[in-house]
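Asks: A single structure is presented below for examination.
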């Protein structure tokens, strides 16, 4: 496949996992099977068994949900490259940033799983499970931020600037409940995301301090493809700064709108989503106002690139 347009690869976050996910990738390609094996070795459990035959409630726990989504993201990327896609930029939404770092060879595939494992362990060491969560909200960011500032029972803040039509909020249970009550008065939808930690929220600062120490020995390299990062929305080319940013990502909002706008300004014309379900394609179109033909979702390993789904899908990711 010949690429005539400057193309970015986008990796989705968590929140859309389901039992049976990734089985088509596993059965279709040896390199995808190898990715499942690496994930199993690093995480200490059978990733294929989890994804294909696990229990739904298992995915409520980040130690399973985050690495499983990383596995799917990397499988989709592997097959995209084999189909002939060439990428001139990469970015990942929330958890997807770890797939982007592996795709750009900032970290090895094995170390990308190791980073996620350390992230979960750091989060669990300082934050009690069940006391926190996140939710997607179909309101403008400015309105959501204003509503958050008026909540004094608990804590909640904007965590992901997902698109011009949607944000994600994060906080403790009391704060999220208070926000939902206010949002209902405006007729807004508040859609819970299946996580137990308030990622990209200042409540994660203690976890980030632990995480920073845990990843000091992990080698980072300068990217072979420009990487656009969540905490700034801008391209980063230096390994040391990428390591700083990935720690800050734990407690800083995901500036996804800014990321897409900067990619567009840099000349990116086509956006290919590698992941489980089409979420980011819709965000791209909502943010940039581009045509459906400029967003590609790699839905199944069997279909040729020209036949892949364009946009659509759920609007939740984290």
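Glycine is no exception: its Cβ is also placed from the backbone N, Cα and C atoms.
For 94, 200, the entry in TrEMBL reads active site. Summarising the annotation, TrEMBL assigns domain 'Malonyl-CoA:ACP transacylase (MAT)' to 10-318.
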Asks: Could you give the Cα-Cα distance between residue 94 (active site) and residue 200 (active site), in whole Å?
Replies: 8
Asks: 10 Å Cβ neighbour count around residue 200 (active site)?
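Replies: Other Cβ atoms within 10 Å of residue 200 (active site): 29.
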Asks: What three-state class does DSSP give residue 200 (active site)?
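Replies: In the DSSP reduction, residue 200 (active site) maps to coil.
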Asks: In this predicted model, what is the average pLDDT of the domain 'Malonyl-CoA:ACP transacylase (MAT)' (10-318)?
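Replies: Across the domain 'Malonyl-CoA:ACP transacylase (MAT)' (10-318), the average pLDDT comes out at 91.
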